Amino acid sequence: MSNIRAVRKRQQLNNLVAMVTEIARPGYTVVDFCSGTGHLGIVLAHTLPDCQVILIENKEESLVRAQRRGAELGLKNIGFIQANLDYFTGPFEIGVALHACGVATDMVMEHCIKARAAFVISPCCYGFIQNAIKFSFPKSKRFQETLTSKEHMILCRFADQTAVQLHPERRLVGKQCMGLVDLDRSWAAEAHGYSLQVMTMEPDSCSPKNNMLLGKPPHKSGQEVDAGQQEAALHN
């Protein structure tokens, strides 16, 4: 990794870690989906020693490297699972993903919503977003009333036009299209009671794909909180 790329990667990590640190509480389980070699999950485990961090990755080589890095740092609050993210069924409070490609962002969001977990996600590869067995686009009712599936696909293609070598005006259009794609995702999550923020990483030069989605689940009822506290007490 070049020095310039390393600086940008640190900036990306700083943004996501800052968001997770704000919402994490002692005892939380944080799941790093599509974790790769563990850039994000390892930093989170170091930063949040009172939380359990689980890395989910389907590539054995990447996960082995992440395990080796975690062992070298002596991290005791980190776990590793080789699997597609759909196969993870354990409870967790926060889901994270750095540059989840195409519909992987939507898969992570869906997994977090089903678990009623918060999420911090940096989407990527908007041009790869397309209808699949599990997903159809647009996702939100308001976008469905405005755009056809084909028009949404065109929007996603333009959202991928943010490379640094492109003309500034073209990159600006790409950034605006990224915002619209993520707005559709946000409105779809809000239909499940979530509160959403779409933010830009700082500095925005840290990545051409510099959007960040922060989703917070609906507040639990008092009965649910009591049940959760009782379960936590049984494990302590």
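All positions are counted from 1 along the displayed chain.
Heads up, the Cβ atoms here are built off N, Cα and C, so glycines get one too.
These come from TrEMBL:
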DOMAIN    8-130  domain 'Methyltransferase'
REGION    207-236  region 'Disordered'
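Along the domain 'Methyltransferase' (8-130), the predicted structure has mean pLDDT 97.
Across the domain 'Methyltransferase' (8-130), the DSSP tally of helix, strand and coil residues reads 56 helix, 31 strand, 36 coil.
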